[in-house]
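**Q** Next up is a structure, given as structure tokens.
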Amino acid sequence: IETIISAIILLFLSIESEEFGPVFMQEPDDVIFPLESDEKKVMMNCEARGNPPPTYSWFVNGTEVDAETDYRYNFIDGNLIITNASEITDFGKYQCKAENSYGIILSRDALLQFAYLGAFSAKTRGGVSVREGQGVVLMCTPPPHSPEIIYSWVFNEFPSFVAEDSRRFISQETGNLYISKVQRSDVGSYICLVKNTVTNARVLSPPTPLTLKTDGIMGEYEPKIEVHFPTSVLSAKGVTVRLECFALGNPVPTITWRKINGNIPKKARLRKSQAVLEIPNIQLEDSGTYECKAENPRGGTAFKGHLQVYTLPQWTRMINDTQMDSGEKLQWECKATGRPRPTYRWLRNGSPLTPQSRVEMLNGELTIHKVQQTDSGMYQCVAENKYGAIYSNAELKILASAPVFIPNPMRVIATLGKDVSLECKPRASPKPRITWKREDRRIQPSKRIMLLRNNTLRIVNSSRADEGNYVCRAENQFGSAEMTAMLWVKEAMRVELSPSRVEVTVGESVVLSCKATHDTSLDVAFQWLFNQKPINFQQDGGHFEYIQTQSSTVDLMIRSILLKHAGKYGCRAQTSADTVFAEAELLVRGPPGPPGVVIVEEITDTTATLSWTRGLDNHSPISTYNLQARSPFSLGWQTVRTDPDPVTGDMESAMAVELNPWVEYEFRVVASNAIGTGDPSSPSRSVRTKEAVPSVAPANVSGGNGRRHELVISWEPVSEEFQNGEGFGYIVAFRANGTRGWKEKMVTSADSTTYKYRDETFPPLTPFEVKVGVYNNKGDGPFSKVVTVYSAEGEPREAPSDVKASSISSSEIRVTWKPPNPGPGRPRGYEVSYWKEMEQEESGIKRRTAKNETSMVLTGLEGNSVYLITVKGFNSIGQGPASAAITAKTRKAPPAQPPSNLMWIQEGNNVSLSWDPVKAKDNESDVIGYMVLVRQEGRGHNQVTRTINPSTMLSLPEGGTYIIEVRAISEGGEGAVSSQIRVVTSSGELGRVSGLSSHLTWTALLVVLLVPSASW
């Protein structure tokens, strides 16, 4: 026993501290390092995990980095730090090696490049002189740089850049500026500007002067392609390819593109006046020969080049870590795609693997026959083409261990009369030899006791006599071990599930009971299943409840049953000896399921013949079907009348009747049974009923109003739902009362609501009999009922009479009038126009009455001014004639001087108030009295007292603060307001003036001059 426990402890320790070879967590990536960087350090990243932890080394261009002799190199964990890096010494491919006692792996190659941009030569550039109309190429000659740069050109001075168009082109391949046809506006100085794509550094070239020769203008000449893409273009899959093509010529050439034996990809775009063909996200199918053509009226020329797309290798199958017993055969295969097709090589512990007597390599397949301990290590499959390489890593472990059994001993409980299997599965490498014993005797196979190929001991039809201890012995060259299997044989368990079949209605509840009869020495566990799947009582607790009634009996309560709960319910009882399963069926009666697909078999103008397939009746016979329809004019789905009526449950077709012609309908079918109504079927396809003559006449035919001699007829338009076909319109029929023949007019717009008929011969308010009918392409429909409509009475014919105007104040005049004599053209209101005596009538102001009033007060007028006033009637038809103009003069303005020198005496609640009289100026109205306003503080209501004298007596209630003001009154209105005084009344306390810091209690009378306060 101690030996077994020690083996188990050692095994768990080995699992917990399992050792393995290195595995990369991060491999180095390509780096572009700016030489002008302030950091001055390059970091190449590498990280691997392993047990024991791996150590690292680096290779640059195949040579190992020696950090001990070169101070510029430093390792931080697996990362390589290069100090004071330079392109001369450090440019190249870097590879990381990770190593521990289980093997070595190499990373992918990473390219270290350096970004820089040199300066242009300071040497003065010579000028370029050409004839007007001639083409020219201005050379950029860029300075040393890495990596790519972007070219642009400055004209005369920075930042005036050359704009590219069909005549001017800047090549991003050569950097040169191409002008196909020089114009006088091109004369000037040109500077090439280059920008590094990594560092964003910019440098400017010396200027190149461009001048025109004076010996004439260049004539027309055929195009010459001056810059074009290479004859062979290589591109990686997924990048954006730009093909350049530009020509010199006079007139300016036009550039066109085509793909030989194919079409230019739809995703391609033409840039820079078609001088650049840009193909984004290039794919293998975009390969081919492309042609650019330059043409002008003098001729044309073309250039062809082949675009070839390559792809880096990409894994489709990789190798995985493998453990094997010594002597077995290893077979590994790795596969990758790529263009060109990748080749394969193998590494073991970082070194190339070569074919040997036991080792075979063919097209990514590695075979090692009879593996040995020395074959253990880290293996790498490398797939590569000339554009790149990828690595797949795996560890091979050759096992070598003595047998160990877990668990040990093993207890097995079998069921009487059934077969039992005793497994023997030791951990061992290589595979051990197995023997079985019982009571120190080796077991010999027989018809009832068999030794299977997997070393399992199988006993058929077990009995009580088979109980006892069975020993499995495992042995290989590293040692041996034994495992004891203790076998007990128990009586078989029986399970009863009741009821075995039950029918319920939706919404009811049911209880299923499961009882197990078993060996009392064994514990039993139960599990409920629905349609072979375990019931989740937490998720479905609203309907299912697990009830433990006794140790060997459990119930399943199913509450508020739904249709979805119909099916097979299983009870699984399990002991350590055996498992028994019993099943019961639950049938749920409920409303029918949705009928099948609804098909419109035939359609007429008012009927649709429908057919459908029968849905589930859910254990209650279908009694009836309900047909429903939906159209653009209905509020959702509506039940339609049917033939026959009702549609019984044994039918699968019926006719929907009383539909509207020329309307699009969808149909669905709903089934019902004794339980209820089920869900509807899916809608049918949309169909339109056939056309028919209209059957609905316009409603609410009426009319009236309009201009003189007009008959206006109106109606409510017929909804599109009832137009019954195309070409819908209205027939308007009318005749004067007492006449026989009808006049009929066609109105072709289905949306029309009015028709106007004009006849100078009939007088206003002539009665007409009117009716409005409908028609469409199928014929004429019904007319509405005949109604009487009167012709228009017209606009007012007479002006208002007895117009009078009187001044109310300096800013108001009251105007009154009498309406014109009764008759056609009755006014619905009046418009008053007024203007000053020295002004034109056209500049006057117009105001209208709200209703049919016969007076109006004009406000906002200037004082002491003469106004001219006219009045005219109006109605919905128009305006009538204006009355003769009358005059009225506003009164003089009220005095601008407010009452002053207010004095007041308070005795109890009585206040005697006086002030200096106000004297009006010559241009102001005479004073006819005064108005005293009293307001209690905190309230908005004013108490007004009028007097003709410059004094008054006020009686104020006790216990309040009052604010008093005075205004002069004149014929021109109210004058300016005086300053305020504030009076406080309370028992025993006299008034106080606003602004005093304290109040005095006197018994004598007090006369105080006013202290002004803020206006209120």
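Counting starts with 1 at the first residue shown.
Cβ atoms here come from the backbone N, Cα and C positions, even for glycine.
Below are the features listed in TrEMBL for this protein:
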type	residues	note
COMPBIAS	804-813	compositional bias 'Polar residues'
DOMAIN	28-107	domain 'Ig-like'
DOMAIN	130-205	domain 'Ig-like'
DOMAIN	223-308	domain 'Ig-like'
DOMAIN	313-397	domain 'Ig-like'
DOMAIN	403-484	domain 'Ig-like'
DOMAIN	493-587	domain 'Ig-like'
DOMAIN	594-692	domain 'Fibronectin type-III'
DOMAIN	697-794	domain 'Fibronectin type-III'
DOMAIN	799-893	domain 'Fibronectin type-III'
DOMAIN	898-988	domain 'Fibronectin type-III'
REGION	676-703	region 'Disordered'
REGION	794-828	region 'Disordered'
SIGNAL	1-17	signal peptide
**Q** Looking at the stretches 313-397, 403-484, 697-794, which one shares the most CB pairs under 8 Å with the domain 'Ig-like' (493-587)?
**A** 403-484
**Q** Can you tell me which parts of the same chain pack against the region 'Disordered' (676-703), counting only residues 6+ beyond its ends and a CB-CB cutoff under 8 A?
**A** 506, 590-600, 603-606, 608, 610, 612, 615, 618, 626, 628, 630, 637, 659-670, 711-718, 722-726, 728, 730, 770-785, 787, 789-790
**Q** Reported in the order helix, strand, coil, what are the DSSP residue counts of the domain 'Fibronectin type-III' (898-988)?
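**A** The domain 'Fibronectin type-III' (898-988) comes out at 0 helix, 58 strand, 33 coil.
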**Q** Over the span of the domain 'Ig-like' (223-308), how high is the average pLDDT in this prediction?
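**A** Here the mean pLDDT over the domain 'Ig-like' (223-308) amounts to 95.
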